[in-house]
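Step one of this worksheet: look at the structure below.
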């Protein structure tokens, strides 16, 4: 779609940061209320509190229908491990089914089982909350023009661990790997046709872009301020270090700490998903739409194979610690994140690397 105490201290949201400066197009216009409807079942009621219709993009939000990170779950002050998926969605050519159209004062409900994406086998009291931002389009349109913030109530639940453990994990499946390529541990047996060559090229390009970005993070304070919202220490060396870690992981000389699949074997390649990561397993899966992207985009902030791979590698705790989340997609949303969130946002790294490569 999921952590360490540092992320908990930062109050990392599931989708986009709640501490974004208010503007006419991004103030709070929806209310989210969480309610327990079973041992580990949650019902989220999303209400449009404004006076105009909202067209809400579901990707990586409380309304996402896939096993993504919708809420933060805490037990005894620590985050409960997230076992779901962190996808990168294709943000161009959006279609109406990716949106929820919500009229003024209207509500929509979305239910999900926490035990399908979290390890709740310990049982006991947990605290659940959600906050973030939803990209918005005009009514009956699919072009993103703004965003709206939300923050839910804090919900306390007493979970039966045995019942929770009996819930099937949404992203469970066979962990067998087959033939492994040294570079980022590519499972070559998962590749068909030219896919292995395409992925190897993407990893090579991701390494090259990451090394250039690492250098720029140290030497180009204006770009750091543009994307990471600060050029102060410790952000510059931290950003550079993370880029170098991605570069090492994606280079041909790496022994590989992640396992990379050319194709999906866990059912996570839903419509709109380019690739996804299971951070609890340090596994990355490409989807069919990944292979429709250009190897490298010649458009500033455009999506491509190299930066999608870079994006996904930042989701893996074996590469980046604490690993990055999906707190903001696209240049406008990334630009709205404060420094504490930008450093933890996967798309910040892919957009920065793209900007350095193209001289944006």
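Along the chain as shown, residues are numbered 1 onward.
Glycine residues also receive a Cβ, built from the backbone N, Cα and C atoms like all the rest.
The annotation signal peptide is assigned in Swiss-Prot to 1-17 on the grounds of sequence analysis.
Under the heading disulfide bond, Swiss-Prot lists 191-262 (among others), citing similarity to another entry as support. In the three-state DSSP classification, residue 191 (disulfide bond) falls within coil. Around residue 191 (disulfide bond), the C-beta neighbours below 8 angstroms that are at least 6 residues distant in the chain are 199, 262, 263.
Taken from Swiss-Prot, the feature N-linked glycosylation site applies to 205. Sequence-distant neighbours of residue 205 (N-linked glycosylation site): residues of the same chain at least 6 apart with a C-beta under 8 Å from its C-beta are 295, 296, 305, 306, 309.
Residues or ranges marked as disulfide bond by Swiss-Prot: 269-287 (among others). In the three-state DSSP scheme, residue 269 (disulfide bond) is classed as coil. Just so you know, the Cβ of residue 269 (disulfide bond) picks up 22 other Cβ atoms within 10 Å once every protein chain is counted.
Contacts of residue 360 (disulfide bond) defined by a Cβ separation under 8 A and a same-chain sequence distance of 6+ are given as 300, 301, 354, in order along the sequence. Residues annotated as disulfide bond in Swiss-Prot: 300-360 (among others).
Positions annotated as Zn(2+) binding site by Swiss-Prot: 311, 315, 326. Taking all protein chains in view, 29 other C-beta atoms sit within 10 angstroms of the C-beta of residue 311 (Zn(2+) binding site). Residue 311 (Zn(2+) binding site) falls within a helical segment according to DSSP.
Proximity of residue 312 (active site) to non-local residues of its own chain (separation of 6 or more, Cβ distance below 8 Å) is seen for 86, 88, 275, 276, 277, 284, 346, given in sequence order. Look at Swiss-Prot and you will find 312 tagged as active site, backed by sequence analysis.
When the Cα atoms are compared, residue 287 (disulfide bond) and residue 311 (Zn(2+) binding site) turn out to be 14 Å apart.
Annotated Zn(2+) site 311, 315, 326; additional same-chain residues within 8 Å of its Cβ mean position, judged by their own Cβ, are 86, 87, 88, 277, 312, 314, 324, 325, 346, 347. The Cβ of residue 300 (disulfide bond) has 13 neighbouring Cβ atoms from other residues within 10 Å, across all protein chains displayed. When Cβ atoms from all protein chains are considered, those within 10 Å of residue 326 (Zn(2+) binding site) total 27, not counting its own. Residue 326 (Zn(2+) binding site) sits 17 Å from residue 269 (disulfide bond), taking the C-alpha atoms as the reference points.
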